[in-house]
Each structure stands twice: as structure tokens, then as C-alpha cells.
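Taken from Swiss-Prot, the feature signal peptide covers 1-22. Positions annotated as domain 'Fibronectin type-II 1' by Swiss-Prot: 35-79. Look at Swiss-Prot and you will find C40-C64, C54-C77, C85-C111, C99-C126 tagged as disulfide bond. Marked as domain 'Fibronectin type-II 2' by Swiss-Prot on the basis of sequence analysis: 80-128.
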Amino acid sequence: MEVMSHLVHWVFLAVYMYELNAELISHLHPPEQEISTDSCVFPFVYADGFHYSCISLHSDYDWCSLDFQFQGRWRYCTAQDPPKCIFPFQFKQKLIKKCTKEGYILNRSWCSLTENYNQDGKWKQCSPNNF
């Protein structure tokens, strides 16, 4: 009977150590997070607002939605994610077909993020490559 009692204790110890080892392995080697390669959608709707570029709302890092109406699908932004300029776009009484310095007091080129800047007021500064 005493041998059986020792055997039961050893079995419990072995099971406990196995579970502890499995838990330790899962902490040391967590499953890798899948990184989405889906494109950001601009504009997207989140928190009752339209967003025309990556945002850091509720996050430490910029992110974007993968759907027009945010449905929980998102990814962190990269340098390749800024929204694209929309050409042509309406500015004042003109139809602008490329980045322009008109109306920018810092004399830098800019573009609209929508077809009608007059209506939406969404813009970004152009990069040296004008995108």
C-alpha cells in the first residue's frame, strides 16, 4: 500500500511538472502575431468620424482600418500607408491636377485627399515624389 501511495505522488508530480513545462514553453515561445498585408482603407469611419490618414486613437501607435466602416479589422501603419493625393481636385474656382503651393502660407506643395477640397478641407503635404 505504501508503494502505491508513493507511486500516486510521483504520478501527480510528473503531471504537475508536465503542465508547468507546457505553460513555461507557451510563455517563452508565444505564437507569432500574424501581420496583415491588406491595404489600409482611406477614408475610414471610426468613433463616429471619418479618418483620412492613420490614427493613434486608443493606441500608442498609428493604425488604420482595413474596412471603410471599422469592423475590428485593422493593422499598424507603415511609412507606405499615407493616403494618396486625389487628382484632379477642386480648389477655390480651379481644378488642380498636381501638387500645388497655392494657398499654403509656408510655400510648400500640398494636395487634397478628396475630389473637392472646398467642401471637405482634407489635405496633406506632398512628398518630394508628389504622392
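Cβ from N, Cα, C; glycine included.
For the disulfide-bonded residues C77, C99, C126, a Cα-Cα cutoff of 10 angstroms around C111 (disulfide bond) retains C99, C126. Outside the domain 'Fibronectin type-II 1' (35-79) by six or more residues, the chain places 113-114, 122, 124 with a CB less than 8 A from a CB of the stretch. Spatial neighbours are here defined as Cα atoms within 10 angstroms of one another, and by that definition the neighbours of C40 (disulfide bond) among the disulfide-bonded residues C54, C85, C99, C126 are C54. Checking Cα-Cα distances from C77 (disulfide bond) against the disulfide-bonded residues (C64, C85, C99, C126) with a 10 Å cut-off leaves C64, in sequence order. Recorded residues C64 (disulfide bond) and C54 (disulfide bond) have their alpha carbons 5 Å apart, per Cα-Cα distance.
Under DSSP, the residues of the domain 'Fibronectin type-II 1' (35-79) split into helix, strand and coil as follows: 0 helix, 14 strand, 31 coil. Under DSSP, residues within the domain 'Fibronectin type-II 2' (80-128) fall into helix, strand and coil as 4 helix, 14 strand, 31 coil. On the backbone, the CA of C85 (disulfide bond) and the CA of C99 (disulfide bond) stand 8 Å apart.
Here the Cβ of C126 (disulfide bond) has 18 other Cβ atoms within 10 Å, regardless of which shown protein chain they belong to.
Just so you know, of the disulfide-bonded residues C77, C85, C111, the Cβ with the fewest other Cβ atoms around it within 10 Å is the one at C77.
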